[in-house]
Amino acid sequence: MTKALIDVKAGEKVDIFSINAGFKAHNFLADLGIHEGEKVRVVKNDYGPIILEVKNTRVAIGRGLAQKILVK
Amino acid sequence: MHSSDDQGRFRNIRKKKRLKKRKGKKYYSSKNHSIEHVIGFLGNPNVGKSSLFNELTGSHQHIGNWPGKTVEKKEGHFILADEYFSVIDLPGTYSLSGRSDEEIITEEFIVQERPDLVCVIADAMRLERTLYLALQAFELTDKVAIIVNMIDVAEKHNLEISRKKLASLLGVPVILVSALRDSSLIELKKFIYDAIHTDKYDFHPAKILYSSKIEAIIRKISEQIADRKVLKEYPVRWIAIKLLEGDNWTRSELSKEFDLETLLKTLEEIKEKESINPKVEIAKTKYSGLHTIVTQSVKGDLEFKETISDKIDKIVLHPIFGYPILILIYALFFFISFSISSPIIEGMSYLLNLFAEYIRSLMIQSSSPEIITSFVVDGIIAGISAFLLFLPLIIIFYTLVAIMEDSGYLARSAYLMDRFMNKFGLQGTAFLSIVMGFGCNAAGILATRIIKNPKDRIRMIVSLSFIPCAATLGVIAFITGIFFEPWKASLIMLGLYAFSIFLTLISSSILRLFMEKEEPLPLILEMPEYRKPILKNIYYLTWSRAGVFVKKAGTFIFSASIFIWILSNLPYGVSPEFTILGYLGKVFSFITYPLMGLSWEMIAPLVFGFAAKETIIVALGVIYASGDLKTVLLNLWSLPQVISFLLFQLTYAPCFATIAAVKSETNSYKWSLFSILWPLFLTTLITTIVYQILRLIV
């Protein structure tokens, strides 16, 4: 079952299924290790950008972008 | 392929050339060292690269710009066994696959300057993420060594990293260090020395093999461009990967020589048919390779743990409490910068005045012509003073910014402001340039480099002059202090600050309407762990920014002061009204008086403001020469005029130093001119409306 990253609660660990972002954003995410098939943990998701934990790094991602990332 | 002999000869020639090039510049002199080595430091942001660089090179540093680019070039050196090691601190970057200025510089440096060694700095706690850059560097050169930093933190977390295993899997030398340990420094120097001199280490960087589909395309491209004349220094595999990733630069360079049409067409077809994004596939393969390497060489629990930083963030980034904390921290920040610097500035101003008067009396005694005395004292010395008086605030301001940056809070404030800034078509990172701009607009403009979208960045650059800098604040404080009780004055000051931030954002939004829309780049920002700020880092960060002000603004303020002296003193010996400036003021006042109530005496000082805003008050004093300035103004200016003056001077135009910064950052005369006319237009419009309304009411 897939849902948007923005709907994932803090503390949950999910698999990235697809990223529907623009070319630049998609590439930048890939360079940070955020790509299809990667496991990420949502550290914070309330107001403001979402914070993900990926490869032991915290990365903040704008909410608009988080809507375009589908996870399992 | 060169034979090893050939290569050795080539190296020596290169070295001699390098020394020659640097001769005459005292700083670079390696006079007693016949052999010079060049080392590049490459790494992600937040891996402690700059700390290591600072430790290694100490005070032997030089900050300049990369030729033709606005990116800072940090160069330092250390000496070991009578040999000279020149270290280049390459700009912090997450990858070498985009085409930002930082990445172009790094790639060109590696390929064209052919450093003796490229050190990739990795973070022991984030090996996978930070070694990604190393795998990209492997595709450009063999001469790579890995410095795994923050090994102390890893030990604290019971992580055991096998240096040997890591080195054999990566195929290049590896050293484990901690910037905090003294022993690490000596080991590191020796490591670099050995890597260059001995055959103690191997340089056979691990080759990443991509999926068979991708490898097939790489092979195909490689065959076609094998005999290329362009991009000759770049490895063929690297070019093929770049083309595959959709890089425009390699594409346009190659199409000078080859007809890439058919090749690119097949590439597109494959992409369509297989529905793959090569760039992402390539990154994925690198990461999965790294995952294997890291799991084999690291023992210990790498699972997610809630860190202290996470706990702090629960409060600091809290949707409700986060904002009062943000306001409190920035209020404290401004309070400290102004309350520490104002007594220093007052003291300095007193001393500089004494000095100026002393010189004046000396010159009068030696009966030098009056006009020369005035030029020296009111032109040259006044110019130097204006510049010196600005330094304390700038230095204290940027020290505090550096503390916030090094501790990790600056990234948090960008996070908190993101949603708000989005409403104006900007990302949270743009907030940081506004903060910097409060110190000095020119420095704020340099801080816009963090904004990745070129058009967003230009909008911000030309909108930043709506932010009142520290010097403007001095004018506001003086004027409000005359006309209002203290509490009203503070309220008005706050109001003007809020108004200027609002104007900056509105300006950016208006400009957006007229600019071609491009793909918006959403916020993607690493939240570094909080840490105790390191004194050395603070020192170098402050110095690199204050240095910008000193270099750029210093010469500008000085030459502008002389220019202004000419305007305001010639023809010599007449009252201010009949100088060039007086006439200029009168011409302007034909427009400004009916619209905004600004008489020539009020406008003329603002011409001074172009040079440096802090001279506005001095200029007012010169023009209203009869008696105490405060009482004179109190008698002459009506309330609507006071408000009108405050509003107009707040944002009417950038100073020369800021215009120079706009020119150097946008590289465009059009935008530089726009950055003068746009604030002038918008400020005139707003001030006119406010003044006309006030005149009806008051």
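Placement of Cβ uses the backbone N, Cα and C atoms for every residue, glycine included.
The region 'Disordered' annotation in TrEMBL covers B:1-24.
The feature compositional bias 'Basic residues' is assigned by TrEMBL to B:11-24.
Mean pLDDT, taken over the domain 'FeoB-type G' (B:36-198), works out to 88 on the 0 to 100 scale. TrEMBL lists B:36-198 with the feature domain 'FeoB-type G'.
DSSP assigns B:MET150 (GTP binding site) to coil, not to a helix or a strand. Other C-beta atoms found within 10 angstroms of the C-beta of B:MET150 (GTP binding site) number 24, with every protein chain shown included. The annotation GTP binding site is assigned in TrEMBL to B:43-50, B:68-72, B:89-92, B:149-152.
Taken from TrEMBL, the feature Mg(2+) binding site covers B:ASN54, B:THR57, B:GLY58. Under the three-state DSSP scheme, B:THR57 (Mg(2+) binding site) falls in the helix class.
The feature transmembrane segment is assigned by TrEMBL to B:315-338 (among others).
Within the chain carrying the transmembrane segment (B:375-404), a Cβ under 8 angstroms from the stretch's Cβ atoms is held by residues 329, 333, 336-338, 340-341, 344-345, 348-349, 352, 355-356, 359-360, 363, 410, 413, 435-436, 438-440, 443, 470-471, 533, 537-538, 541-542, 545-546, 549-550, 553-554, 557-562, 565-566, 569, 611-612, 614-615, 618, all 6 or more beyond its ends. Among the features that TrEMBL reports, transmembrane segment is placed at B:375-404 (among others).
Residues annotated as transmembrane segment in TrEMBL: B:424-448 (among others). Residues 70, 330, 334, 337, 393-394, 397-398, 401, 410, 413-418, 456-457, 459-461, 464-465, 467-470, 501, 504-506, 508-509, 512, 520-523, 525, 545, 548-549, 552-553, 654-655, 657-658, 660-662, 665 of the same chain lie 6 or more positions beyond the ends of the transmembrane segment (B:424-448) yet place their CB under 8 Å from a CB of it.
What TrEMBL lists as transmembrane segment is B:460-484 (among others).
According to TrEMBL, the feature transmembrane segment maps to B:490-514 (among others).
According to TrEMBL, the transmembrane segment annotation covers B:553-572 (among others). Away from its own ends, the transmembrane segment (B:553-572) comes close to residues 370-371, 374-375, 378-380, 382-384, 386-387, 390, 440, 442, 578-581, 584, 604, 607-608, 610-612, 615, 619, 622, 655-657, 660 of its chain (Cβ-Cβ under 8 Å, at least six residues beyond either end).
Sequence-remote contacts of a segment are chain residues at least 6 beyond its ends whose Cβ falls under 8 Å from one of its Cβ atoms, and for the transmembrane segment (B:578-596) they are 564, 566-571, 602-604, 607, 644, 648, 684, 687-688, 691. The transmembrane segment annotation in TrEMBL covers B:578-596 (among others).
Only residues 6 or more beyond the boundaries of the transmembrane segment (B:603-625), in the same chain, are considered here, and those with a CB under 8 A from a CB of the stretch are 382, 386-387, 389-390, 469, 471-472, 474-475, 478, 553, 556-557, 560-561, 563-564, 567-568, 575-576, 581-582, 584-585, 588-589, 592, 632-633, 636, 648-649, 652-653, 655-657. Feature annotation from TrEMBL assigns transmembrane segment to B:603-625 (among others).
The transmembrane segment annotation in TrEMBL covers B:637-661 (among others).
Taken from TrEMBL, the feature transmembrane segment applies to B:673-694 (among others).
Taking the C-alpha atom of B:MET150 (GTP binding site) as reference, the shortest distance to any of the binding-site residues B:ASN54, B:THR57, B:GLY58 belongs to B:ASN54.
Each of the binding-site residues B:GLY43, B:GLY58, B:PRO91 was scored by the other Cβ atoms within 10 Å of its Cβ; the lowest score goes to B:GLY58. In the three-state DSSP scheme, B:GLU72 (GTP binding site) falls into the strand class. Its own atom aside, the Cβ of B:THR57 (Mg(2+) binding site) has 20 Cβ atoms within 10 angstroms in the protein chains shown. Pairs of Cβ atoms less than 8 Å apart link the transmembrane segment (B:673-694) most often to B:460-484, out of B:315-338, B:460-484, B:490-514. If one looks beyond the transmembrane segment (B:315-338) by at least 6 residues along the same chain, the residues whose Cβ comes under 8 Å of a Cβ in the stretch are 393, 396-397, 400, 404, 409, 412-413, 415-417, 435, 438-439, 470, 473. Annotated pair B:ASN46 (GTP binding site) and B:ASN54 (Mg(2+) binding site), C-alpha to C-alpha distance, rounded: 14 Å.
In this structure the C-alpha atoms belonging to B:GLY58 (Mg(2+) binding site) and B:GLU72 (GTP binding site) are separated by 18 Å. Geometry remark: B:ASN54 (Mg(2+) binding site) versus B:GLY43 (GTP binding site), CA distance 14 Å.
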